[in-house]
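> Provided herewith is a single structure, encoded as structure tokens, for subsequent inquiry.
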Amino acid sequence: MAECIELDIWHGDWGLPTVEPKCLAVLTYCKFSEVPVCIQKTGNPFRSPSGELPLLRHGTEIQSSTENIINYLREKHWGCDNRLSNTQCADTIAFCSLLEEKLLPAVLHLWWIDAKTYIDLTRPGFAKASPFPLNFYIPSRMRRKAKSRIYSKSSENVTDVEVDMKIYREAKFCLNLLEKKLGNNLYFFGERPSLFDAIVFGYLAPMMKAPLTSNQLQNHLLACTKLTDFCKRILHDYFPQSLQETESTSRTTSSLSEDNPNKLRNMVLAGIFAITAMVGYAFAIGLIQLEFTDHEEQEEITNVKSESKQESYDQFEPFFEDADEQE
């Protein structure tokens with residue numbers, strides 16, 4: 001039996017094994033290449049030398065970036081690109097550069113900078129997946145890195161709003177090119193998947209599956225039916241277990257709430273008590289001192305709450321209460 005390769009990735013949701021694009025791309029490439037990989041879902045990127053996920057461990061070898069992981073797998077003769085011609089390999093490099101330049105900024109903006117998406121999905125999702133007390137720090141850290149990636153290269157004479165408009169315009173153009181490139185093929189280079197298919201799937205699948213509210217980039221993607229069919233096909237063929245787990249979780253949650261209301265109540269109360277006791281003790285002995293949100297982030301949260309007609313954010317009010325008092 002082949003030695004199992006351990007792959008640390010972020011959590012999954014919405015019928016996906018992981019919602020983080022780089023983690024999903026690497027995992028999908030492993031599936032395409034039939035790598036005997038053992039998945040470890042974690043919320044602590046500091047286990048990685050680079051401070052980011054995914055992280056691959058194979059014996060004494062540790063690889064902690066997408067590029068390094070792919071190169072390592074190829075060196076070990078795991079790869080799904082061997083059949084590609086020289087022209088197709090060159091096209092792969094060119095299109096990957098296009099994705100990084102034109103699509104990645106919009107993807108980062110969607111998940112980490114768009115205030116509504118960040119408050120509704122990204123922040124609570126990554127905080128829930130991260131261990132205490134890192135759950136207070138990691139989402140803000142990742143958001144700052146996304147902002148630096150997008151706005152650091154912009155001209156001083158260009159406003160952030162103009163930058164946002166530009167990156168979404170270029171991302172839509174990139175999606176149109178991908179739709180045209182895919183055409184009626186199963187994959188971008190024919191009947192079999194490649195690294196480029198894995199990277200595209202990593203970017204698009206979370207965007208397609210997330211329960212966003214009238215997001216322009218998601219709406220444009222959903223209109224590109226060849227791309228959405230492409231994502232659905234990969235999800236069905238290579239990650240059927242994720243879909244089954246999502247359905248099973250929904251049924252279990254429904255059954256628990258309907259058939260065992262007291263059990264659900266007791267679980268919730270026990271969890272609240274345990275968390276309260278742990279946090280109270282940590283603050284009492286001075287073990288941690290946390291500033292939950294920076295000033296800029298708190299302003300965005302306040303603006304989104306005031307503009308929204310829904311009350312879906314009530315559950316997060318205690319989380320930001322201390323930050324409001326500090327101001």
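Every residue, even glycine, has its Cβ placed from backbone N, Cα and C.
Reproduced below are the annotations present in TrEMBL:
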- 171-234: domain 'Metaxin glutathione S-transferase' (DOMAIN)
- 267-288: transmembrane segment (TRANSMEM)
- 299-327: region 'Disordered' (REGION)
> Just to be sure I understand, if DSSP states are collapsed into helix, strand and coil, how many residues of the domain 'Metaxin glutathione S-transferase' (171-234) fall in each?
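Taking the domain 'Metaxin glutathione S-transferase' (171-234) as a whole: 45 helix, 2 strand, 17 coil.
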> Pop the mean pLDDT for the domain 'Metaxin glutathione S-transferase' (171-234) in here, whole number is fine.
96
